[in-house]
Amino acid sequence: MVGFKATDVPPTATVKFLGAGTAACIADLITFPLDTAKVRLQIQGERQGPVRAAASAQYRGVLGTILTMVRTEGPRSLYSGLVAGLQRQMSFASVRIGLYDSVKQFYTKGSEHAGIGSRLLAGSTTGALAVAVAQPTDVVKVRFQAQARAGSGRRYQSTVDAYKTIAREEGFRGLWKGTSPNVARNAIVNCAELVTYDLIKDALLKANLMTDDLPCHFTSAFGAGFCTTVIASPVDVVKTRYMNSALGQYSSAGHCALTMLQKEGPRAFYKGFMPSFLRLGSWNVVMFVTYEQLKRAFMAAYTSREAPF
């Protein structure tokens, strides 16, 4: 067995809640530059047609985007919006991941066997609920990642300034901009991410291909990251564009998607796919491996405190 051993006592809902938030913050710290590169690629060319956008593209590829940002804006630009990102993960992941098992048990009425329908319902429920809690932090994170640090065109000077400015200029609704596509995205992402992880892990264990340790968690998380990127990328691009848009630029998320289709074509919905996959794949691996280990570490500490001898 690699890492902490599984305890006889299953992790409590509180342990899962805190463990998920902490693991997600660790994953964000490691993969945040990839997320920033993804956002920059997703919004690139949104005010131009496909031909002009391709000709004047500032960012090309994941590595090219990162290097361009470091050269023109400095290394710190890769972590622009990190504070809001960590705020988002602590509130967001705690709900969507930490409560997943509890909601799944609710839908199965406490049964040990959970079908695909129960898993999908649980993933959709916690994904949508998480958005209701963490939407303002997501809006601020995206705005920060989208703005260039260089020059005088910066929209916000700090995280607090961003919250205040958005609320003052766009009203309370501004902080909840893009809620509809974000609910759709996170219901899809949560289902793809958690259900795929669940299914791959169960299949590996039932087939005796792996034991419940780090290699199994790594394989399951990597598979979940790829499936999630393929399924959720179109909604993610629309969410990013709509959240970052100026007041009145798009009348709705649907208008944003239609404008993208008309001006840039279907391929626009998969802009930033490679950084999305690199980010989601690596994020899933770090998050799920850390989450599994934190649950075991917390429960090991709890049981040793309860029975020291």
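Including glycine, each Cβ sits where the backbone N, Cα and C put it.
Automated prediction, rather than curation, is the source of TrEMBL annotations.
Computed from a predicted structure; not experimentally measured.
What TrEMBL lists as repeat 'Solcar' is 11-106 (among others).
When averaged over the repeat 'Solcar' (114-203), pLDDT in the model lands at 83. What TrEMBL lists as repeat 'Solcar' is 114-203 (among others).
Taken from TrEMBL, the feature repeat 'Solcar' applies to 212-297 (among others).
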Revision key, fill the gap. Residues in the repeat 'Solcar' (11-106) per DSSP class, helix first, strand next, coil last, are 76 helix, 0 strand, 20 coil
Exercise for review: List the helix, strand and coil residue totals of the repeat 'Solcar' (212-297) as derived from DSSP.
Suggested key: 73 helix, 0 strand, 13 coil
